[in-house]
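Participant: The ATP binding site annotation in Swiss-Prot covers G14, S15, G16, K17, S18, A19. According to Swiss-Prot, the feature domain 'DPCK' maps to 6-203, an assignment based on sequence analysis.
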Amino acid sequence: MTQPWILGLTGGIGSGKSAAAEHFISLGVHLVDADHAARWVVEPGRPALAKIVERFGDGILLPDGQLDRAALRERIFQAPEERRWLEQLLHPLIGAEIVQYLARAESPYAILVSPLLVESGQRQMTHRVLVVDTPEHLQLQRTMLRDKVSEEQVRSILQAQARRDERLKHADDVLVNDGDLSHLQREVERLHAFYLTLRGGRA
């Protein structure tokens, strides 16, 4: 069997990237979520967690031994050098985890979904990039509704993510998600049919 090629799927908060990912899964495409990989590498018993505790102390653990993400975020928020240390520890481990899960794919192509595909350098692991793009007013509206957060909070998250034009610059394909769910699903099906004709992510 030929090795599946890898599609990078990304989009800003509230763009509909998760809904698109779910529909690709329903069509039988193997998908790896970078956010999940980031959680797996710091599970109890994994070497990364021991190193984090060694550096920051037991205060960043929950009573059940899991990583207290909020406490860790607080520790690194005002300390760029600590954040860099953490990134240097975790990024290679997350990358290795992603590669391992992508290797299990049995579909003609596999998807790596990541909100930080462009910023983290994870797009180097892909053959093609699909950006789910949404007008900013819809991103704000959807995220405020879904996460019950203020417009200010959503705007601060948007600022931390790659700028829309930066993401689009790296896109091979763009799915404009400015309609309802059935519109999004039709677009995913259209792209899926096209992707099945590709070899190595190229026509």
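Quick reminder: no glycine exception, Cβ is built from N, Cα and C everywhere.
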Participant: Determine which residues of this chain, when G14, S15, G16, K17, S18, A19 are set aside, have a Cβ within 8 Å of the centroid of the ATP site's Cβ atoms, and list them as they appear in the sequence.
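Facilitator: Surrounding the site, in chain order, are G11, A20, V132, T134, R142, N177.
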Participant: Mean pLDDT across the domain 'DPCK' (6-203), rounded to an integer, is what?
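Facilitator: Value for the domain 'DPCK' (6-203), mean pLDDT as a whole number: 89.
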Participant: Minimum Cβ neighbour count within 10 Å among the binding-site residues G14, G16: which residue?
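Facilitator: The binding-site residues G14, G16 were compared, and G14 has the fewest Cβ atoms within 10 Å.
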Participant: Whose Cβ, among the binding-site residues S15, S18, has more other Cβ atoms within 10 Å than any of the rest?
Facilitator: S15
Participant: Once near-sequence residues are set aside, which residues in the chain of A19 (ATP binding site), 6 or more away, have Cβ atoms under 8 Å from its Cβ?
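Facilitator: A19 (ATP binding site) has long-range Cβ partners L181, L184.
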Participant: Including all protein chains shown, what's the count of other C-beta atoms within 10 A of the C-beta of K17 (ATP binding site)?
Facilitator: 24
